[in-house]
Every structure is written in structure tokens, then in C-alpha cells.
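Worksheet: the structure to be examined is printed underneath.
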Amino acid sequence: LRLNLVNHRIKQYFYNTNCADRVNFFFGMASQTGPIARKNSIKMTELSEENNFEMCRVCRMESTNERPLFYPCLCTGSIKFIHQECLTEWLKYSKKDVCELCNHQYKFTPVYHPDMPTILPIREVASGMAYSLLKAVRCWIHYSIVVFSWLIVVPLASCRINRSLFKGPSYWIWDFTADLFKAQDVYADCIQGLTVIMLALCVFISLIWLREQILIGGFQMPVEIHAEEAAENIRANQPFAGEVAGDAAGQGAEEAGIENENNWQLFEWERAGEELTWDRLFGFDGSLVFLEHVFWVISLNTLFVLLFVMWPFYVGYFFSSAFNIAEYIKAAYFDGFITTVLGYFILGLLLFLCHALCGALRLVRFHRTLGMCYLMLKVVLIVLIEVGVFPLFCGWWLDMCSLPLFAETPESRLKWFYDAPELSLFVHWLVGMVYVFYFASFILILREVMRPGVLWFLRNVNDPDFNPIQEMVQYPVIRHVRRFLASVLVFALTILICVYCPFRIILRFMPSTLPYRGSNRSDLPFLSLFLELLLLQVILPTLLEQSHTRQILKVLIYRWCKVVGKLLGLTDYLLSRENNGAVPREQQNDRGRHLLAAEFGVLEEDLDRNLGAAHHMLLIGGRSSTQHQSYVKPPYFLFRIIALLLVICVSSITFSLIALTVPVTIGRKLMHCITGTDSHYELYTLSCGLYICCILIRLFTVSFSYIPRDFNMLAYDAKAWISTVLISWLRFLVAVISYFGLVAFMFGFLVELMIVAPLRVPRFGTALPCLFMIWLLGAFYCKIFCVCMVTVGPNWRMRRAFETQKEYIAFRNSILQLYRDGPRNMNLQAFMTNAVLPLFLLFGNLLAVPYTIIYAIFPILGCDAEDQLQYGKRIYPGMLSFFLLFMFLAWQFKKIKAMMGKIRNERYLLGQRLVNFDSKRDERALSSRVV
């Protein structure tokens, strides 16, 4: 820009002799930088204001015939004017289209050739349309090839290549060609190929992440270390787990980083100039480079199967054949998967032995590489056991212990497994994962209530320092085996106590409660739909979003610990001193410790007995993640702990009995009173019973909080509640009835007449609408409309089109205000005016106008009743078709108009001209020529 300005100044020097001083001043300023340049710029600005001539805000030059000045925004003074070229260059640099000072948007108007016709010739329009059509066809063909390559060719080739790898050595090349191009089972092979590709991608990403986690952890334990050696290392304050591990750790991390820094250009420098985007990767940019990516995806997937599936499979197969266990594996389902996992275990053992051998022979590079491979394989196998096998065991054990719930037998479960093994395993694994998750959540609640240190034998998953991957890397395999067996024992006993024993008691004393009905056999389909919508839209959101459930559970646990602690003398052991109302340990002095020990007749060292748990954690893990608190050990402590375990078992059975009988009994009575029948899906009855129980518990807690108050205070609170809460909820009830009652019914009835009835009712049939079903569907439609168009829906094209309308903006603001303020602070007048009334008028007119035309105007024109009936059946879908046709024509008109504007710009456009801010007459004159 400065060179262009100098060139322009030289031209001015020859054409205008009065500007010689200014030219010399400009050359002096151009060669200066820093404060001197800013000072000269200020002087030049003052000079321009004194001489009262216009200059550009960017290049500080005046207007000429070739480069006129414009004032395109609200800025005034010395920054009012600007050259169009300077503004264009600045907009390219800043990537904005508004002024950074006044936020006014710059406007440009196209300048066309003087010979441009007012109406484009038909020949040019036809050629432009033909070119657009040819471009659309080419784009469609290219996208079809892209979709066919990624969704058909890649999965199909991956699946059949992977399948051919396991055919054996007698599988010849022509057999592979025939299998690759056969036309049978294309759909199933594509689904299987997509699964294999996604699995390979996930494994690749997981291995990279796992390697980073191992390097972040310091690569401290590449070999198995016994607990005694770890304890000795910790006592000696050694950060590494062993001599060989420490040496390999530092060297491995440093040399790996050096190798990555020095060798990355070996694979990247040739393609450093290419920016690989998602469109270029998948071929949506219009190029054919994606064919190379297709080839590499198939090749890498084949390599993945060779390394991570085929090799472990054949290792496991040879091992099972050598020890004569292959027949037993084949007798079970998923023999290929079991053989592959067995191969991974054998490979892990071989890696461990080779790693130890390389360490003994001082082969540093092989020692480090094998150590990394062994750690990665070890973590993968442990994750497979803890995330796959353990939840599957919990799910199967839950199923076996809860067979009386649905009157099932072990034979029926085995039959289901034989009929659909994949589905059976997935369902049991999912149930086990849910059980493990809720068990962990319950343990977190126990940790919040009970004394720190009581649950020292359980891992605190809420600890910010808890890193399961680092524990899998650092701890030896034998420790993980002990932990797995302990977890299996704890969860098996918990399920046996909380599930199996309560069902046995129910079958013995309350046999009418079981079994639960596991299927919906109602004769009224609209009632089933109503119950499903009530469950999904009212009951489940209330139960899941109820913030008082956690607090109520914590209060129950605290009361239980208080009562049991007083009965057994273990209050100080179960509850913390803060919850128990005692003085914290930090505020106790030595005299208090002596008195406390003398009162209970125990040694002073017993007050810190729980520190053994912390010492144990330090011994096995190097740190203690739990804050422990001292307690007083009462006499006969061991017998008290045994009694505590018995009380825990009895309490668990009691709570399970209450949870399995009370809600479902209340729900059955309620459903019987509403419908008069007993054959209902137990999910509905159980949900309704839980909902009623939550309401009763909430009312009890609220009423209990008012008991200590006197009568006058209760009367005052009741009056305030009636004047505020009751009136606000009445307003909210009116709004809900108006929107989800009247408007929802009209919406559902309109959809029934326009779409459902013409598709469901034959030509000469008569529709018999169910008003209750119509209202349910209308409420569902209104909920979907609110979600997609107002609250959390995507910013799609229809929503952006509605956002330009003032009515939609008012409707959206009313709904968002209701979501934000809640029922108590809602503005009923604004909601009714902006949300309910516009929809009521819209749906009312769409329903009333066609009905008036058919049954009020057509009889005047001489139509009989039969013709009116036929016209009445067709007028609503005809009106919908007319609206859709009108929208399609409007969309096509916009497309044709844009295409004609594009043709005109390509043939007759000379450039663009900047529009001044206050030249309204010029804007109207120029806008008449804008397409």
C-alpha cells in the first residue's frame, strides 16, 4: 500500500504544483517509524483540518478523478472519507464487512455494462440453465461415487478380505476373487465391514491415547513388581518401582521424545503444503483424491486384522490344539473371540518373558519396546476384564437371582441365550453396567455421610487424583487379580442379599405380588399410548430431575447410622465428628485425648488405629487418597463389627422388600381405580407408585419442617403460600391447559385431517377419529415443536427462516421466559398474547375456513350431501398440497432469480461501487439496476 501511495503522490507532484510541500512531507513521513511517524501523522491531520480538504482515512490522500473518496459509514471528521481500493484491501485483511468504530455495514452496488439489456435474452437464460443442470448432474454423479465408495466398496471389501484371511492355506486367489465380487449378502457384509472399520479406528485411537498416558505417567513400571519390593521402594522414597524400570523409564521417555522431534519430517514434509480437510478426505470437494484414501483405508484395515486379530487368533488356536482344549472352545458360543483372547494372554506372557530376557542381556532398545508393548497389552486385557467380563457376570447373577420377578426359569434363560446369544450378552452386560454404576453412586453417598476411613477398602472414584489407567500400569497383575476376585465376592454377596433373599421372602409370605407383568396386553391402544406419554413426559423427568431424592437418601443413611451406632456403641466409628456434633480432632488438646482414652478404658494409641488403612494405601499405591479421622475403639470391637454386618444385611433385605412391594402395590391400586382393569404393564404401575411415594415423602418432609412452629406462624405461612404459590400455580395451570390442551387438540386434529386420515381411510370410507388419541398426538407435536423450533433444537434452515418474523420472535421469547422464570414467576398475559393466541388463530382459521367453504358455500352452489362429504375429505389434504406447491414454486423462483443474477454478473458485470451513507437518491438509482 505504501508503494502504491508513493506512486500516486508522484503523479500528483507532476499535475499539481501546489502540493510539492505535501509530497516532500509525505516522503519524509514514509521513511520514519515509531513516535516520529505518529507525530507527523498528527501534523498532517491538523493540516488537513486547517485547509479543509478531504483525505482518505487509510492512505491520507485526497480525492482524484481516478480515485474518488466515499463516506460509507457514520464516522465523521478526519476518518469520514476513504478510497474504495483502500477499504477493499482493509476488508480482505480484517475479514469483516462492518466498520470497527460505528458498526455500520458497508454497502456495495454492482456496476454493469451500459449495453446490458433490461431483460436477459432467452438464449442466455437457456444456456445458463443448461450449464447449471449439467453442473448439478456432474455434482450428483460425483457425490454418488463418493457415497458408493465409502458406504459400499470400503465396508464390503474390508469384510470380505478379512473373512478370506481366516479361510486357511487352501484358499486360492481365484476363490478370493469370486468371493470378493459375489452379489450375495451385500447388505449384511456392508454392516459387518462398517463395524470392523469403526472397531479398527477406535483401537487405533485408543492405542495412541494409551501410549500417551503411559509416557505421561513416567513409564515407571514396565516389569511386574511384587508388593514387598514396592513397599521397600516407597519406604526408601524412591520415585521408581525398580532399578531396571527406572533406567528404562527416563531413557524411554527422553529418547521417544527425541526420536519424535527428529523423525517427524521423514513422513510429513512432502505433504506439509497440503491442508487435509474433511471434505478433501472424503471427496466432497469435487476432486478424485479420495480414491487414494479409499485404497489406504482398505489396506490399513487389512493390516489391522493381520496384526491384531489374525495373529492372536492363530496363536490361541495353536495353543488350544497343543493342549487339547480346542474342542471345548468350539463347543461354546463365540469360539473365535475366546480363541483370540486366549492368544492375547499367551502373547502377553511371551512379551513378559522376552522383556525380562532383554533386560538381563542389556538390550536397551528391545527392552524398552517390549516393555511398552507389554504394558499396553496388559492395560487392554485388564480393561476387557473389568469393563466387559465383570459387568457381564453381575448381569447374569442378577438375572439368576431375580428369576421369580417375571416367573422365569434357568431353562428359559438358556433357551434365550441359544436363540440370540449376541442380544442376550448385550442385555446382561448393560444391566450389569447399570448396577455397577448405581452401586458406585451409592458408595459416594455413603462416603459423604459416614466417617472418613470407614470405607477405606473401597476405591474412591470421586477422588480427583484417581487415575485407573495409571493404576493398571503401575500395579502388578497379581494385585489386579486379587482386586477382581474381591469385587466379584462383594457384588455377588450384595446381589444375593438385596435381590435373592427378598424374592424368597415375598414368595413365602406375599405370593400375589409376584410375578410382574413384563408385557403390555391392554385392549385399548390409546390408553397404552397415554400411559407411555405420561411415563416419558411427566413421571420419568420428575424422578430423574428430583433434587430432593439425594438429600432424602442421605438423611435416611444418617438416621440409620445414628440409631445403629447407639445400639451397638459404634457411633464414633460410623459417623464423623462433624456429623456427630463432637469437636473436630484438630481442636482437641492432649488433655482431651487422655480423658477420652481413660473414660473408655483403651490405650491412647487406639485412637489412631484407622491410620493403618492410610498406611496400607501408602504401602500399595504410594499415596493415600482418603482423609482419615480417628475414632474410639469400644470394648468387644470385633463382635460389634460382626453385629453391624448382620444389621446391614437385615436392613438391606428390609429396604429391598419395601422397594419391591410398596410402589407396585400402590400403582396397581391406582391403575385399577382409573381403568377398572388389572392387566397393566408393571412399568406403568411401578412408575406411578414411585411418583406417589415421592409426593408423599415430600409432603411429609415439608409438614415435618412446620411442626415446631406455633399456630399463628402456621396460619401466616399458609396465607402467604395461598397468595403466592397457589395463585402462581393456578396461572401456570391455565397456561398449560391453553397450550397443551386447546392448542394441542387443534394441532393434532389438523394433522389428522391433512395427513393421517387421507392415508389411513379408503376412498369411500369414513374416518372415525378418536378425540383422546388426537389430543395425545397433538400434545406430542407441540412438545416437538417447542424443542426443535424454540429451546434446544438445531439452527436449521426453517428455524432461521422463522427468526425473521416478529411473531415467531415474540413466541420464542415467551416460551424461553417460561423456561427461565418457572411457573411461579410466569407472565400469563404475555404468554397468552404471544404464544397461545397466535397459534389458536392460525389453527382455528386452517380448520374453520375449509369447513365453512364445504358446508356453508357449497350447498348454496347446489352440491348434495354426498359430494360435500367427498369434498370435505379432500379439501384439507388439498390445502396442504397447495401450501407445499406454493412453497416449492417460491423456492424455485428464488433459485431461478439467483441463477439469472449469476448469468448477468458473469456477462455484464464491470465491478462494484461503494455506496455513500447518506446518498439516498444515488442508492435508489443504483439499486434499480441491482439483480
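Just so it is clear, glycine is given a Cβ too, placed from its N, Cα and C backbone atoms.
Annotated features, as they stand in TrEMBL:
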DOMAIN    48-109  domain 'RING-CH-type'
TRANSMEM  139-157  transmembrane segment
TRANSMEM  191-210  transmembrane segment
TRANSMEM  294-317  transmembrane segment
TRANSMEM  337-363  transmembrane segment
TRANSMEM  375-398  transmembrane segment
TRANSMEM  426-446  transmembrane segment
TRANSMEM  484-506  transmembrane segment
TRANSMEM  637-663  transmembrane segment
TRANSMEM  683-707  transmembrane segment
TRANSMEM  728-751  transmembrane segment
TRANSMEM  836-862  transmembrane segment
TRANSMEM  874-893  transmembrane segment
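Listed as Cβ neighbours of the transmembrane segment (337-363) (distance under 8 Å, sequence separation of 6 or more from its ends, same chain) are residues 222-224, 244, 248, 309, 311-317, 319-320, 329, 370-371, 373-374, 377-378, 380-381, 384.
Taking residue pairs at least 6 apart in sequence, the transmembrane segment (139-157) and the transmembrane segment (294-317) share three or more C-beta contacts under 8 angstroms.
Note: the stretches the transmembrane segment (683-707) and the transmembrane segment (637-663) are in contact (3+ CB pairs below 8 A, sequence gap of 6 or more). Assigned with DSSP, the residues of the domain 'RING-CH-type' (48-109) fall into helix, strand and coil as follows: 18 helix, 10 strand, 34 coil.
The stretch from 139-157, 637-663, 836-862, 874-893 with the most CB pairs below 8 A to the transmembrane segment (484-506) is 637-663. Among 637-663, 836-862, 874-893, 836-862 has the largest number of CB pairs under 8 A with the transmembrane segment (728-751).
Sequence-distant contacts of the transmembrane segment (139-157) (same chain, six or more residues past either end, CB-CB distance under 8 Å): 180, 186, 189-194, 196-197, 282-284, 286, 290-291, 294, 297-298. Confidence over the domain 'RING-CH-type' (48-109), given as mean pLDDT on the 0 to 100 scale, stands at 81.
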